[in-house]
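Annotated features, as they stand in Swiss-Prot:
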BINDING   H15, D164, A165, K166, R230, F231, D239, R245, K246, A262, K266  ATP binding site
BINDING   D17  Mg(2+) binding site
BINDING   E43  K(+) binding site
BINDING   E56, Q99, D239, K270  L-methionine binding site
REGION    99-109  region 'Flexible loop'
Amino acid sequence: MAKHLFTSESVSEGHPDKIADQISDAVLDAILEQDPKARVACETYVKTGMVLVGGEITTSAWVDIEEITRNTVREIGYVHSDMGFDANSCAVLSAIGKQSPDINQGVDRADPLEQGAGDQGLMFGYATNETDVLMPAPVTYAHRLVQRQAEVRKNGTLPWLRPDAKSQVTFQYDDGKIVGIDAVVLSTQHAEDIDQKSLQEAVMEEIIKPTLPTEWLNASTKFFINPTGRFVIGGPMGDCGLTGRKIIVDTYGGMARHGGGAFSGKDPSKVDRSAAYAARYVAKNIVAAGLADRCEIQVSYAIGVAEPTSIMVETFGTEKVPSEQLTLLVREFFDLRPYGLIQMLDLLHPIYKETAAYGHFGREHFPWEKTDKAALLREAAGLK
């Protein structure tokens, strides 16, 4: 492969779409805490002065949607009308119904192992050995930039920062290996009283330099910090936000394919979410086992049917054992039926709100990031 550039982006927890994702997953977590078998499909819309929470929820739990919403917005940092959005005064509207019984009859079964998929669909999982967390570097460092923005905003290092921010990182590759960072974009909402020069200097020193590895930066690396020159109006005042609109930020930054289904607000019976997590788990264990340098898994389902309709393993020519053997190993060591993967990854717990900002993958404490099958795979493949 010749020299090429690859770019990925991320957005902060204060981005309007991410506010929506976090509210949806906060509602999901609150319900799962009381009722692990609940069926939840929670969608959120945010705009200046208002939040609308809707969807289909079937549960024995009772949760205070308004309180959950306000607490989530407050934790993000929208606590004053000067920011264009205020957790204490925004309107919170609710429009929630129940899951269709037509769907439910295909999911719930007398034998849990025969639990059907909550919908048809295709999901992808991916892993690569180019970073320590077995994720693509561009999206990994894009996430870390906006995580650092939130950190220095909340700890008072840069008190004039506001919650809304975006990052973008362009990496240089030569024959598939990283050789440097070509460009960095960071746009952050800020208070009215900070001048552009001071902002750019502070962002460079407190956010960019502590986050990006120095060996990948050079004299030709380009930096674009608030390139429009002003970013005072942000958050839901600047743009409306919707659950599920940042699916590439949530996954692999465009370096792997995507089945199209969003994650946030969905309980684990929805394979859009749970099977995408399982596919990441499979791909990561294959790479961690040294069976391939890069691995992409596709899995697909039919609504109401337990067994996947297909499983595909793609290793882009980096496999250390035959591709056919990899597919057999996946089928042997990973139960990708809905009930099986829920049990395998222990998904019926309130763990989802934290996933809703800074990426669902590449953070080691999530159960789908375990590499506990790597040694088994390596042994079964006959590698020493």
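Cβ coordinates are placed from backbone N, Cα and C, and glycine is handled just like the others.
Owing to the predicted nature of the structure, the values given are computational and were not obtained by experimental measurement.
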E56 (L-methionine binding site) and A165 (ATP binding site), compared by Cα position, are separated in whole Å by 31
If you measure between the CA atoms of K270 (L-methionine binding site) and E43 (K(+) binding site) and round to the nearest Å, you get 14
Given the binding-site residues H15, R230, K270, the candidate whose Cβ has the fewest other Cβ atoms within 10 Å is R230
Across the binding-site residues (D239, K246), the Cβ with the fewest other Cβ atoms inside 10 Å is that of D239
Taking only the CA atoms, the spacing between E43 (K(+) binding site) and K266 (ATP binding site), expressed in whole angstrom, is 9
Expressed in Å to no decimal places, the gap between the Cα atoms of A165 (ATP binding site) and D17 (Mg(2+) binding site) is 12
Listed in sequence order, the binding-site residues within 10 angstroms (C-alpha to C-alpha) of D17 (Mg(2+) binding site) out of R230, D239, K246, K266 are D239, K246
Three-class DSSP assignment, D17 (Mg(2+) binding site), comes back as helix
For K266 (ATP binding site), the same-chain residues 6+ apart in sequence with C-beta under 8 angstroms from its C-beta are L28, V40, A41, C42, D272, R273
The answer, for which of the binding-site residues D17, E56 has its Cβ ringed by the most other Cβ atoms inside 10 Å, is D17
Over the region 'Flexible loop' (99-109) the mean pLDDT stands at 61
